[in-house]
Amino acid sequence: MTGAVATVPDRTAGPGPAPLSRSRRLAGPALFVAVGLLLVAVAPAVLSPFRLDLLGKYLCYAIVAVGIGLAWGRGGMLTLGQGVFFGLGGYAMGMHLKLREAGPGGLPDFMVWSGVESLPALWRPFANPVFALAMVVLLPVTVAVLLGLLVFRQRVRGAYFAVLSQALAAAFVILLVGQQGLTGGTNGLTNFQMFYGLDLYQPGDKRFLYLVVVAVLGTMFLLAWQLSRSRFGQLLVAVRDGEDRVRFLGYEPAVVKTIAFAVSAGMAGIAGALFVPMVGLLSPANLGIVASLELLIGVAIGGRFSLAGAVGGALLVNYAKTIFSEESADNWIYLQGAMFVIVMIWAPRGLAGLAADARAAVRHRRRPPSRSVAAPIPSGTPSANGSAPPGSADPVDPARPVDDARPADQIEPTGVPAVAAQRGEEPA
Amino acid sequence: MATLNQLVIGASIGAVLLLIALGLTFTFGQMGVINMAHGEFIMAGAYTAYLLQPLVGTQSVLVALPVAFAVAGVLGLILERLAIRHFYGRPLDTLLLTWGISLILQQVARDIFGAPNVQVRAPGWLTGGLDLGGVRLPYNRVFIMVLAVGCVVAIWLYLTRMRHGRRMRAVMQNRQLAAVSGVATERVDQLTFFIGSGLAGVAGVALTLIGPVGPTLGTNYIVDAFLVVVAGGLGQLRGAVIAAFALGILNSFVEFWVDNGASFAKVVVFAVIIAFLQLRPQGMFVVRTRALS
């Protein structure tokens, strides 16, 4: 928060009485600590080993959600192929665990079944635990950097990028399924016994693994939070809201976007690597188009512009999936479809957005009536004197897009002037 | 000779992709919406042919073509009126919205028709094929290509010779200007949606000739169809035609030439499209404007 962004009004320095702003400043860390304590101390004591495993799985998805929140919420890059990065990390880890199990010179079980006689060259380096751990992050990051640079430098963005990332997920899954002898095909990698010295069939060791997942999620969350508070984060939001303007200011938006995309890919890779020992299997069904969109819906429901919302949404959606799938898989599909529709029509900013609106409404009511200028201003209409409505959140709150994730390059059939007025004009 | 056989297969897949991509490219180009439920209109068209089969008999495919066009078109119109029209110019939001709708439609199909695939019998004159000195021209694939060419010619005539089509181009190129010139843009949008969705229904009938029909029929083709839109350029008829056939043929050749090629084909196609975008980031053909991007 130095230098160029010094002129940006602090979130807490906005309108509102001082004590309230102080409590709001502490609300975030307090929530973080509370949720952390709940996950570390309460959950393992209360939940059965089976439920704790499920919670661990949801937390793996939540790590992916943090990355999506960064790339999509802050960077405006709708990645429909996050399953690819999740899978790259997961397979890197899974391959190492399979080799460990087979012992030196041995073959993983599925290779024996599909008639492979010697270990493929691609697998060999994964016997090294350090190499495997490095690959968990490096593979997804490399793919993301390559794709990002190739695509963003050509100013391919918005919906085009979404479509391409989805095509990548489709191609990746077909490749995995087709290479039966190399990847285990449709079944994927299964039957993991040990994970870096932990016996995955021992509840005690499994509980430790769960704590590792919680710790990683916490670290990733703080990383993403710090990143989006930093100058880089401000730049990322600026690129999302006006890529060309940022270019005119002398930055290269492609690099900014690629970094954010690569970080989110790395997070997905780490999540995949933890998913493998936590759940005990990884198959193409966990990575395809449908799975990638399932990773996304949690973020959309929780609120794409809020990292905490993304985590909460991921937990909520996966919990709902377990509950509903236990009854009937069909109902879950209906519910999932309905969730996409409802969120997009009535709450594009998700639960976090609804919560923010509710807070703003409460604050607004507490305020003296002289502030009644804050009559709700129809979206797209600039207020008479050009100032932001005082009742709403701060005008440059990074969690609130100036325009709802609409890429600047798209043809704008309706309301172009309104959008232009809404988009860059900060109050003087 | 095998090469030429592969060409026929690739071209017929390209023809199906073209029918699907036409609707996508026009709705995306004109209204700035991405319709993931487009794939389910394909499915609706295919199930229409399946349902007509016991009623009409062996020639059901011919009857199914116009009926499927109408069924899918009306579905598209309903979707546009109920949901999508509130989302014009927000492609990413429509993408997620329509993905939800597509999930629901798939599950509805599963509940009505059952999860297993069903088969539509092709009429007698579409089975078998013509042998041209070792090159086999299966009649069903030839029929699909003829169908696609017919649809493209019809669309071209519509866009260039008919008043409604010219209005559609006007709205696609500059909505505001079209509106102040007296074009009822909302009506044009509805018509575009109807025609685009209807073509997906026709594609669905075509697909019943080369494979079984199941609830996820559409999802298998929708991603490739979007790639056609990306490579061909937004709202571009020529671009869609070239890109669709190129993609279909490339796919079928990789599958054929490379060992275990079916698993590599999509990766190769993806790489080729990324490489192509390095040369032409906005696709093959672009409407030139003075706009910044």
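Cβ from N, Cα, C; glycine included.
Bear in mind that TrEMBL entries carry predicted annotations, made automatically and left uncurated.
Under the heading compositional bias 'Basic and acidic residues', TrEMBL lists A:400-409.
Residues or ranges marked as region 'Disordered' by TrEMBL: A:365-428.
Marked as transmembrane segment by TrEMBL: A:26-47 (among others).
According to TrEMBL, the feature transmembrane segment maps to A:54-72 (among others).
Under the heading transmembrane segment, TrEMBL lists A:130-152 (among others). Away from its own ends, the transmembrane segment (A:130-152) comes close to residues 84-86, 88-89, 92-93, 95-96, 160-161, 164-165, 168, 253-254, 257-258, 261-262, 264-266, 268-270, 272-273 of its chain (Cβ-Cβ under 8 Å, at least six residues beyond either end).
Outside the transmembrane segment (A:159-178) by six or more residues, the chain places 77-84, 87, 91, 147, 151-152, 185-186, 188, 284, 287-289, 292, 407, 410 with a CB less than 8 A from a CB of the stretch. The transmembrane segment annotation in TrEMBL covers A:159-178 (among others).
Under 8 Å from some Cβ of the transmembrane segment (A:208-227) lie the Cβ atoms of residues 32, 36, 39-40, 44, 52-53, 55-56, 59-60, 62-63, 66-67, 69-70, 195, 198, 200, 233, 263, 267, 270, 274, 277-278, 307-308, 311, all in the same chain and six or more residues away from its ends. TrEMBL lists A:208-227 (among others) with the feature transmembrane segment.
Residues 53, 56-57, 60-61, 63-64, 66-68, 70-71, 74-75, 77, 79, 82, 85-94, 97, 133, 136-137, 139-141, 143-145, 147-148, 152, 184, 186-192, 195, 198, 200, 209-210, 212-213, 216, 220, 223-224, 227, 232, 236, 295 of the same chain, all 6+ positions outside the transmembrane segment (A:259-283), place their C-beta atoms under 8 angstroms from a C-beta of that stretch. Here TrEMBL flags A:259-283 (among others) as transmembrane segment.
Among the features that TrEMBL reports, transmembrane segment is placed at A:295-320 (among others).
Taken from TrEMBL, the feature transmembrane segment covers A:332-356 (among others). Same-chain neighbours of the transmembrane segment (A:332-356): 294, 297, 299-306, 308-309, 312-313, 316-317, 320-321, 324-325, 393, 399-400, 404-405, counting only residues six or more beyond its ends whose CB sits under 8 Å from a CB of the stretch.
Residues 39, 43, 47, 78-79, 82, 86, 209-210, 213-214, 216-217, 220-221, 224, 227-228, 260-261, 263-268, 270-272, 274-275, 278-279, 295-296, 298-299, 302, 304-307, 309-311, 313-315, 318-319, 322, 405 of the same chain, all 6+ positions outside the transmembrane segment (A:54-72), place their C-beta atoms under 8 angstroms from a C-beta of that stretch. Panel annotation: around the transmembrane segment (A:295-320), residues 28, 31-32, 57-59, 61-62, 64-66, 68-70, 72-74, 78-80, 82-83, 86, 217, 221, 224-225, 228, 268, 332, 335-336, 339-340, 343-344, 349-353, 355-356, 398-401, 405 of the same chain, lying at least six beyond its termini, place a Cβ under 8 Å from a Cβ of the stretch. Non-local neighbours of the transmembrane segment (A:26-47) in the same chain are 55, 59, 207, 210-211, 214, 218, 221, 308; each lies 6+ residues outside the stretch with a CB under 8 Å from one of its CB atoms.
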